[in-house]
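J.: Have a look at this one.
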Amino acid sequence: MSDPITRPTVGAQRDGVDPAAVEEKPEGVTPSAIGRLGERKRARLDALAQASADKGGVSLIRDAFRRLRRNPVAIFGAAIVALFVLVAIFAPLLAPHDPAQRFDELTKNLTVDSIPGASSDFPLGSDPLGRDFLSRMIYGSRQTLFVGVVATLIGLALGVLIGALSGAFGGWIDNILMRFTDVMLALPALLLAISLVAMASRSSQWTVILAVAIVNVPIFARLLRGSMLAQRESDHVLAARALGVKQHSIVLRHMLPNAMTAVIVQATLTLSTAILEAASLSFLGLGDPDINRAEWGLMLGVDGQRYFEVRPELAYYPAIAIIVVALGFTLLGEGMREAIDPKNRR
Amino acid sequence: MSLLDVRDLSVVFQRRGERPFTAVDKVSFSVEPGQTVGLVGESGCGKSVTSLAIMGLLPRRGNKVTGQVMFDGADLLALRPDDMRDRRGRDIGMIFQDPLSSLNPVVPIGTQVAEVLERHRGMDRKAALKEARELLDAVGIPDPNRRLKEYPHQISGGMRQRALIAIALACKPRLLIADEPTTALDVTIQAQILTLLKQLVDETGTALIMITHDLGVVAGLCDTVNVLYGGKVVERAARHELFARPRHPYTHGLLNSVPRLDSPRGERLHAIRGSVADNIPWAEGCAFAPRCDNVVDACLEGTPPLEPTTTGGDLRCNNPVTEEVAVP
């Protein structure tokens, strides 16, 4: 395709057809069509064709992303998430102190009825063990995001495996897998998570992650199975079968990619519930027993609750942080759902 | 020898606890190499089910297919599923009604064309994409290099149907089944697609089964026409015979209900009275009898047989129409 910018200007060709321009006829336009078009129109068409060619293929995901960017609420959610992610990544640079270090100038003023408040060295004051509260809040974002993201990814992977097998094959495989998810869905999420953690012989942050992941498996599995079933009846899958495409490529290349959109949206929303569930487990004292690890749920549950009358900030800050980050993921997830949902396409 | 010989094909849908429904009732017809055969009828007459049965694409459960579909000397209904899968797309291609929903929305057009080439002709991705470019060019898609990378929602309806035709013809099948290929398109695009189909069928020598309810499509394309009603063939004739002298009252009614540009102003459009639902089981008579203008007592006494006519066709009627229709 010839570059439209190098074409002769309109004024230069008013007297007749520029022979050079005729020679570099763009491909894909038939000679008869060329004959009927004026040189000026031709240049314009070329420019248009070039512009859209540069744009290239726009996939559904990229298209959805464009719509997401126009949704102010989703952008707000994304900004919150981005802020927390940045804080988590740059925690060592942002935090004024080591979150595990106990400072003498704090511990010496520490009593059961008084915990040192803000000072120039410790902007949010001390925690009940004489550590810098601000640094612990900052490092807490790491732990919270890590647990939420890893738990969601594990849940997503297992759920997709179960849902895809169920939806693609149906029959007795589907029956067994779905009865299994029914049992898990019958129990309230937190209760199930608590019993899973209780089953572990030694608790660590991984017991929390696994418990939260397993709680979310049936949700992903159910959702994917439903969209796989819808895909199985779809015209394009019938068309693929009419072309003799093999069963495994139909499942992996035609059904799964189309069925995944709903699950991806659900994963964003699950990030917020996973964070809340993990925080709940820590709050109940079922989390990581390592007292040096800063974790918002633990800070809220143990320090915040015990010293609420002495220094309520110890409860307020972790609670607000948990709520805000969960809200960020929820808003982003809702925005993604609206952007990807084909019914919202305009 | 015929390329495709459908003998006594029946499809019965049977759900547990429900009365079985015979969608296709002992349909027989044949397609010669390079020939274009039309299957015509209203919605629910069994056209699409016939095509799905030939392709072996009916759901595994809930239906019973009997009869024979002889293709190239082998009965397609008796083939192992794997062998049938190898034939689909390679020996028999198919084009569906709705070009948007028949393309995978998350895969670029080029990859979708390439997929069938990789599957049946053992090409690698690079060669397949090169061939795909030429196929898109052959079906009249402008700027195929760009279209290869685009997704189905980015191209127009006519172009999508062209892409589907390119996919169906990618492996040069000897038989192409087109199930209402122009129904979802607007009229100008319909004409373009029909012209393209006709040209490709002439060039490649592919036989074509055209499934449609649109007699205009039949008039432009088909060599012979099978008119279906209630799952049975009621009339079969060469195209010009059918349009000049429709013998079955149903065919006659269909032709009469096509609006004409030369009909007098203010004249009401003709319609066949009743609806497809007003039928009687074939076992008790002619299914069309309740809607028929020519109905006689014999029509309610058992299935009328399909008998050869003097003009080389077949007819299932006790009291055929004799008047001639002026061909537009």
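Quick reminder: no glycine exception, Cβ is built from N, Cα and C everywhere.
Per TrEMBL, region 'Disordered' is recorded for A:1-32. The transmembrane segment annotation in TrEMBL covers A:73-95, A:145-173, A:180-200, A:206-224, A:256-276, A:315-336. The domain 'ABC transmembrane type-1' annotation in TrEMBL covers A:141-333.
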J.: By Cβ distance under 8 Å, which residues at least 6 away from the ends of the transmembrane segment (A:256-276) in the same chain are close to it?
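T.: Sequence-distant neighbours of the transmembrane segment (A:256-276): 60, 144-145, 147-149, 151-152, 155-156, 159-160, 163-164, 167, 189, 212-213, 216, 219-220, 223-224, 226-228, 230-231, 234, 236, 322, 325-330, 332-334, 336-337, 340.
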J.: Which listed range (A:73-95, A:180-200, A:206-224, A:315-336) shows the maximal number of Cβ pairs under 8 Å with respect to the transmembrane segment (A:145-173)?
T.: A:206-224
J.: Sort out for me which stretch, of A:73-95, A:180-200, A:315-336, has the most Cβ pairs below 8 angstroms to the transmembrane segment (A:206-224).
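T.: Ranked by Cβ pairs under 8 Å, first place goes to A:180-200.
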